[in-house]
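Notes follow the structure.
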2 protein chains.
Amino acid sequence: MEKPRCAGFRFSGIAAGIKKKGGKDLGLIVSEVPASVAGVFTRNRIQAAPVLLDRHRIRTGRCQAVIVNSGNANCCTGDAGLRDAEAMCRRAAEALGISEELVCVASTGVIGQPMPIETVLAAVPELAGALSSEGLDDFAEAIMTTDLVPKVVTVQGEIDETPYTVTGVAKGSGMIRPDMATMLCFVVTDLSVPPKILQESLVAGVDRSFNRITVDGDTSTNDTVLLMAGGRSGATIETPEALAAFQRHLDQVLTGLARMVVKDGEGATKLVDISVVGAASEGDARQVADTVAHSNLVKTALFGEDANWGRIIAAAGRSGVPVVPDAIDIRFDDVTMCRNGMSCGPEAESAATAVLKKNEYRITIDLHMGPASASVLTCDFSIDYVKINADYRS
Amino acid sequence: MEKPRCAGFRFSGIAAGIKKKGGKDLGLIVSEVPASVAGVFTRNRIQAAPVLLDRHRIRTGRCQAVIVNSGNANCCTGDAGLRDAEAMCRRAAEALGISEELVCVASTGVIGQPMPIETVLAAVPELAGALSSEGLDDFAEAIMTTDLVPKVVTVQGEIDETPYTVTGVAKGSGMIRPDMATMLCFVVTDLSVPPKILQESLVAGVDRSFNRITVDGDTSTNDTVLLMAGGRSGATIETPEALAAFQRHLDQVLTGLARMVVKDGEGATKLVDISVVGAASEGDARQVADTVAHSNLVKTALFGEDANWGRIIAAAGRSGVPVVPDAIDIRFDDVTMCRNGMSCGPEAESAATAVLKKNEYRITIDLHMGPASASVLTCDFSIDYVKINADYRS
């Protein structure tokens, strides 16, 4: 497979010695010119030092490089943590010969431990030396924590016959819940897009992608999505049609990455789309979908390949939406298992069980209360999730 | 140990053949006279047939018997389910020679499967024949589902030198979350208490006990707490002091049972009190305690005996309460692990890890924002929780 590229951007990822278990843990993205930048960050009240710094830096609308480490979240680390985040930017700026104000930073890993900052800083020259237009896979690997696979999505479009690229890279795979920007995600494009439009596009795209997924219902302190537009393709957005096309391509990248994050959720063996239809409002639909998607009893039943629709209807019933029990239908893909709030019997159950043996499927909950709908992507809840998270720091 | 008794009440529990795996699954409580009754029920919008029936019946303030089955929840069973619930009351009334309006019913088990009603009804004469003042342990066993141990708490008090007894029995142990009456619980007393006072006492007691616990964050469709006061002791409540004493004894029974439910939570190996202090309001304190107590990442770390306070502070941060990161202290029993939002270092961590090896301990989160506090009892989240719930219906 051809390595993803985006004109005007170079990437690198190396093993700096931050992760106890070894492996790549320090990455860098650089644009050849200062790019427009947009960012969406965690809504958790506890925010890591890099999040606090980036929120401030992207206000200028300009960014030329992002340095990212895994293995330590640099969160709950006080003033020292802020100084460490700034030092990472400064050292990267020195190595690249650019202003440190043009560098953002992100960290992911354990919360509450001091950054091994000397180790990180010492590795920056090697990191800068490794930059390459084909280095995205190394970068993707360097930002992984409990992820099993790197996550990269590239989409190409064109404006007035000038081709452009949108490329995104993300990492999960725990502390993932919707209604916020979630995990780390970096998207670059060689389009030229002003910062204000870039920010609007990113917020809209995140709301349709990362805000519609859950792995375990916990929200990270380090969630960051950064989008950089370098303009190297020569294509610019000058019409509503071009903007719509860009938004569509950006959405493809974000939803593609969001899907990969859930699929690679800690311990996950199933990717399940929880679709609520027939709701009185989109808000109601999301609330029911969220509650079902987060239910531990639903998620363990998915792991057990058990068409236990009783747990699904019970979760809908506690969602806070005034659902009408006798009106609810529940389908596994095309198999209706529950109609008017009651079981469709053993034959339907056999057919539904066959659906549950698949790796990916949809559960549709029809409330029969109105025209609105919403969906949330979730995964199952496995024995491995518990193992991974009982042992995470050891 | 002497079997718990409460003057004027008899109990029984037998194997009627409802549970696939065999064992006791049908229970009966009978008062020798119509008792005052109070009830608190699930706030889930999906409510089982017995819940719908009992809500109606206890409006009279009188109840003489409760018939309870495990193995089938009689929920999402439509009109047939309501007829089955009524039939269970009617058959019990016939066997006891009392009015069917004086009989309540409760069910627990799988949702959405028809009650094996003929099996149940056929067993009622045997059930009535087995009634005994010493039968509470049989009853306690008959209402168990995934519970590993029966749960009975008895407290004795006296009013004007007349002794009285408050005895409660409960079952868990999944689909347990606070903010509602939760699971099945039956409390009897030989005190004489008018229904209105009984209801107020029960609501207050449940709010301080079952509404402060969680196992897995899911709310059952069948949650029922019934309290019957038969008056056989001869003691009556005629002063505020006597009422306060009764409330205290009732609270002891309810909190004792609530604690047993969490301790026997599905797969649980730890009983952990999440205490939030220094909050601006009790509502804030409960919101933070609830969020931490429900966090899968916190609960898996408890299972792993890992003093991962980063997950605790991250959960507090996403609770919706505007916590101040730099003000937060976190203690494991008396060991301060996090002060002013930062780690207290490796020595504190070693001491905290020793606390986490215990079976029961307290985690205190001091927000330093005000005078209010609240606590929630939770358990850890183990591999066995997933195993139990992946396989529950098979």
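Yeah, the Cβs are placed from backbone N, Cα and C, and that goes for glycine too.
Copied over from TrEMBL, here are the features:
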BINDING   B:THR145, B:LYS171, B:THR182, B:GLU266, B:ASN389, B:SER394  substrate binding site
ACT_SITE  B:THR182  active site, nucleophile
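Projection of TrEMBL feature records onto the structure.
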residue  : record                 : Cβ neighbours (10 Å)
B:THR145 : substrate binding site : 21
B:LYS171 : substrate binding site : 27
B:GLU266 : substrate binding site : 28
B:ASN389 : substrate binding site : 28
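In this set, none of the binding-site residues among B:THR145, B:LYS171, B:GLU266 has a C-beta falling under 8 Å from a C-beta of chain A. DSSP gives B:ASN389 (substrate binding site) a helix state.
DSSP assigns B:LYS171 (substrate binding site) to a strand.
Under the three-state DSSP scheme, B:THR145 (substrate binding site) falls in the coil class.
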